[in-house]
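Engineer: There's a structure below that I have some questions on.
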Amino acid sequence: MSNSETISQIDMSIEKSDTLQDKDRSSIANLDVEMDEIPHKMKKETELDAASMDNETDDPYAYLNRNDFTSEKFKIEIRGLPKFYGINQLRKLLNEKLQLGCNKVKPLKPGSYWAFVCFRTEEDRTQALKVLNGYKWKGNELTARVAKPCPDPLVMKRKGESQGRTGVSQNKLACVENLPLEKRIKDSVSPLWNLPYKEQLGVKEKAVRGVLLLWAKEIQKLNPQLKSWLNCQREKYDGLPCVLHDIRPSPKLTEYRNKCEFTVGINEETKERTVGFRIGSYMDGSAGVAPVDKLDIVPVRMKEAAKIFEQFVQASPLGVFCPETHEGVWRQLMARLSTSGALMLVIGIHPQNLTPEQLVDLKEKLKEFFANGAGSECKVDSLFLELLPARPSAGNSKTTEHLYGETSIFESVCDLNFRISPEAFFQVNTGAAEVLYNTIAEFAKLTPKTTLLDVCCGTGTIGLCLAKHCGQVIGVEISKQAVEDAKANAARNSITNCEFFAGSAEELLSPIIHRAVHDHVVAVVDPPRAGLHQKAMTVLRNAKNLNHLVYVSCDPKAALNNLVLLTRSVSKSYYRPPFVPVCAVPVDIFPGTNHCELVIYMERFNEDTHCTRESAVGKSSDAKLSNNSAEHSESTKNCSSKEDRESTVE
């Protein structure tokens, strides 16, 4: 089937829509469209998209009058919060204990003494103000008042009033927008792209060191019992609470991402529909999208898939989703690519007012496009359609439907084969993931008489990779689909000493710890970016046989709350001795960016061992890691020279 026929059929399929404008109807009436007419049609459609964005109201509060819900409508400000609390803990207080029915909690930053809380109705907000004013929580008296809604940053930018409201000055914004689009997208997606790799690693090590220094200050403040131990550690490790080993580099620096989520939007330079990455945040007044052609971290196959899907979107009479007005259909494209070359695409749309018949038609045209049309060049192995709400909320979640090909793809890590479904978490850099898992194995010191507790296990990658080193693996994960994948992965790899449970860690940890068949229990905690729920951390802190813990964080600064809970003084809530850090090592999963994974090995504090000598486990870990550091230093040199050859922009 020719490209012109494919695009004609796409147009025909949506002709029935009662919501299309007359000019859209005329664009799909001609069933004999030829390829030479497509550029003109694309230009017309993209001009309509651009015009719809440019002609929006200049009222920065107009969004409050729309029918769709926004958390800014019924907002309050709570002050007097304690220094240490979890967001989920505050949400539980508001919704379960006080029965206030809050919809959203928005703290300014971790440890902030005040936060915004949003409700769905004026009645709920009024009731919250009555209850919260003067309410005492954790020894603090709370105050609450009505909070003003935030102005729409995109409208503010158009009016030239963004300074002071979006956090970006007008002069700085203008300076950034005058840069070439290629540089802007590189700076946004991979801000360290122009540094040699060795310097990138230095930037990340410095950031990790800063977090460990902050942690040491919190330990000093909150646990006087550890004063002697902490002073000894700081003296040995240049102010740090434990030894910090050299960062372990990624074995691959370019085209390393196995997953990318592309946005469908408008190119600010060409005004055409584009499938790429956002060049800024909405809060900074930016909704533009730039192509990914020049980004070294994105594999060529993904770039090709994005470009081909872009052709489909440009030829479609349906509009691009606008984050300001919530109008338009095409929203995003998620791509997953395995090391064996299997490609999964998940197309995200906002269905708007499409009828069930029109939606069925659209699905058929997508299948035809990727199976037999121009999209067949992508060689897609697995195709899904995802229906996305304008604003995710309770009872208004996304739904995913399989359209074509396989229902999952497979990836090999540490000589094991893993099934990956559309929503499953998997490290975005497969080669660096192996480095990470091997590092965790070194820290964990597993034996056949060890039970490994894999907290936030995802599809089971860590637990399954470490299963051969221990007697039992127990995994817990909130995503039911991920747990199904984990069980399938265990069966696929003939691993029989693992079991996985679906549910929140704070609810399941306590009962599943009792399933341990060995007295020696080691926990590996690899939580989402924001960290683990405080209740879950309390269970870990008080677990009887748990004396060794490996904490893995993709955002060490955000993990500070968790780390502080593990090391704070014994109290009524934390009645077992604290954990203390023995050694830490960063692992670079994300070359070109500021991010890395931090692996911290911790032991239950014992005054006899930790105050008089260095931990025996710490010593052996130090020796082994020192040897590995030498190997990785040579690897870093090789990577650095490769970076100079491959990634430097002329």
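Here the Cβ of each residue, glycine as well, is placed from N, Cα and C on the backbone.
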Engineer: Besides Q427, E477, which of D361, D381, D519, D526 does TrEMBL list for that S-adenosyl-L-methionine site?
Structural biologist: D526
Engineer: If I go by TrEMBL, the feature region 'Disordered' sits on one of 1-23, 162-184. Which?
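Structural biologist: Range annotated as region 'Disordered' by TrEMBL: 1-23.
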Engineer: Where does C554 (active site, nucleophile) sit by DSSP, helix, strand or coil?
Structural biologist: coil
